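Copied over from Swiss-Prot, here are the features:
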{"type": "BINDING", "residues": "237-239, 263-264, 285-287, 290-294, 361-364, Phe368", "note": "4-CDP-2-C-methyl-D-erythritol 2-phosphate binding site"}
{"type": "BINDING", "residues": "Asp237, His239, His271", "note": "divalent metal cation binding site"}
{"type": "REGION", "residues": "1-230", "note": "region '2-C-methyl-D-erythritol 4-phosphate cytidylyltransferase'"}
{"type": "REGION", "residues": "231-394", "note": "region '2-C-methyl-D-erythritol 2,4-cyclodiphosphate synthase'"}
{"type": "SITE", "residues": "Arg16", "note": "site 'Transition state stabilizer'"}
{"type": "SITE", "residues": "Lys23", "note": "site 'Transition state stabilizer'"}
{"type": "SITE", "residues": "Arg155", "note": "site 'Positions MEP for the nucleophilic attack'"}
{"type": "SITE", "residues": "Lys211", "note": "site 'Positions MEP for the nucleophilic attack'"}
{"type": "SITE", "residues": "His263", "note": "site 'Transition state stabilizer'"}
{"type": "SITE", "residues": "Thr362", "note": "site 'Transition state stabilizer'"}
Amino acid sequence: MADTLAIVVAAGRSSRMGEGPKKQYRLLAGRPVLGRTLEVFEHAPAVDGVVLVVAPGEEDWCREEIVTRFGFTKVVAVVPGGEVRRDSVWAGLQALPPCALVLVHDGVRPFVTARQIAAVAEAARECGAATLAVPPKDTVKLGGPPGAPVSTLPRENLWLVQTPQAFRFDVLIKAHHLARERGLAATDDTSLAEAAGYDVRMVPGAYTNIKITTPEDLAFAEALLGGGPVLVGFGYDVHRLVDDRKLILGGVEVPHDRGLLGHSDADVLVHAVMDALLGAAGAGDIGRWFPDDDPTYRGISSMDLLVRVAAFLRERGLETSNLDAVVVAEAPRLSPFISRMRDNLASVLGVSPAAVNVKATTTEGLGFTGSGAGIAAYAVAALRRIVLPGDRVL
């Protein structure tokens with residue numbers, strides 16, 4: 001039985017966002033908001049799996065364009081939601097495998113951190129129900145229509161509730177059963193737990209854990225992600241063409257009478273890309289990371305090495321903003337394979353293929369590439385720092 005599973009709810013109609021795509025599918029620094037939210041859960045050690053709840057009819061699109069495209073392996077199911085939030089969470093509960101704890105999270109809160117997820121889960125393990133929350137900074141007044149008398153609420157007793165909210169599985173099931181029997185509606189799941197007689201523990205959240213609901217929220221989120229300079233790196237690599245070797249470029253086996261000589265699979269394109277990424281991060285080069293005299297890397301797929309570089313970038317709070325690469329080869333003709341190379345690179349780096357460009361050219365018979373002695377590759381990578389509130393200062 002899994003220990004902790006999450007229900008990520010993204011079935012809203014997005015009426016307050018205005019015209020255009022729904023809020024969960026709007027691009028935030030080049031990636032869908034929902035994709036950024038799922039990214040946090042994908043790399044949160046406290047979470048074993050995720051059930052994604054979307055609007056009816058959007059399941060296949062989300063599986064293909066978000067879950068599969070960005071490689072979210074923890075998503076165990078994508079299910080249709082209901083008319084109101086309570087029904088959507090209930091749909092997610094029905095799709096959950098057996099587990100001890102359940103987290104419920106808004107799909108449009110991409111700035112929650114792995115540390116906060118772990119804290120709220122541990123609190124629910126101890127007391128049954130917990131939520132992230134922050135005290136209000138502003139004075140809060142209670143009143144009716146404009147012009148009606150108002151009263152000021154004591155701020156020290158108030159909390160602004162966020163997600164994720166965490167529950168022991170039996171607690172959340174009972175709360176939803178009672179809510180359905182009584183016809184209770186609520187804007188969050190802790191309200192249902194309270195109505196069922198359970199106490200809910202407040203766990204300190206962060207003011208940056210915003211729910212993106214309006215265009216103003218989206219602009220604020222862009223500012224959170226976009227702070228700091230763009231980091232640029234350049235990569236170059238070359239390998240000799242020899243007999244009795246496969247030709248691997250961008251993780252694609254390209255039919256040819258010769259292949260590239262190297263300690264690994266000699267994927268010259270991926271090597272140039274890794275050098276560009278490491279250069280942008282100020283982290284040396286592939287010779288330092290993967291020495292050619294280390295037997296560990298003999299014959300290894302360069303795509304596997306790129307996976308390690310991508311993981312390092314995430315640990316450093318960096319993500320790829322844009323990648324442009326060119327392969328220089330007189331032969332073979334590479335255009336039929338370019339799109340697969342691009343998709344392979346984008347998948348490992350966790351970005352949209354639109355952020356990756358791969359092209360091929362020749363040197364018109366000049367030099368070692370023109371004579372067919374070898375193949376070269378150049379790459380330029382741009383990285384951005386991701387702000388991770390509460391986990392680290394970047």
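All positions are counted from 1 along the displayed chain.
Placed from the backbone N, Cα and C atoms, the Cβ positions cover glycine too.
Secondary structure at His271 (divalent metal cation binding site), taken from DSSP and collapsed to helix, strand or coil, is helix.
The distance from the Cα of Lys211 (site 'Positions MEP for the nucleophilic attack') to the Cα of Pro291 (4-CDP-2-C-methyl-D-erythritol 2-phosphate binding site) comes to 45 Å.
Looking only at Cα atoms, Asp237 (4-CDP-2-C-methyl-D-erythritol 2-phosphate binding site) sits nearest to Thr362 among the recorded sites Lys23, Arg155, Thr362.
In three-state terms derived from DSSP, Arg155 (site 'Positions MEP for the nucleophilic attack') belongs to a helical segment. Other residues of the same chain near the divalent metal cation site, with their Cβ within 8 Å of the Cβ centroid of Asp237, His239, His271, are Val238, Leu260, Gly262, Ala266, Asp267, Val268, Leu269, Val270, Ala272, Ala376, Ala377. All protein chains considered, the CB of Lys211 (site 'Positions MEP for the nucleophilic attack') has 15 other CB atoms within 10 Å. Per-site Cβ counts within 10 Å over the recorded positions Lys23, Arg155, His239 peak at Lys23. Within the set of recorded positions Ile286, Pro291, Thr362, the entry lying nearest in space to His271 (divalent metal cation binding site) is Ile286 (CA atoms). Take the CB of His271 (divalent metal cation binding site) and look out to 10 A: across all protein chains shown you find 28 other CB atoms. Here the Cα atom of His239 (divalent metal cation binding site) is found 18 Å from that of Asp294 (4-CDP-2-C-methyl-D-erythritol 2-phosphate binding site). Across the structure, Ile286 (4-CDP-2-C-methyl-D-erythritol 2-phosphate binding site) and Lys23 (site 'Transition state stabilizer') place their CA atoms 39 angstrom apart.
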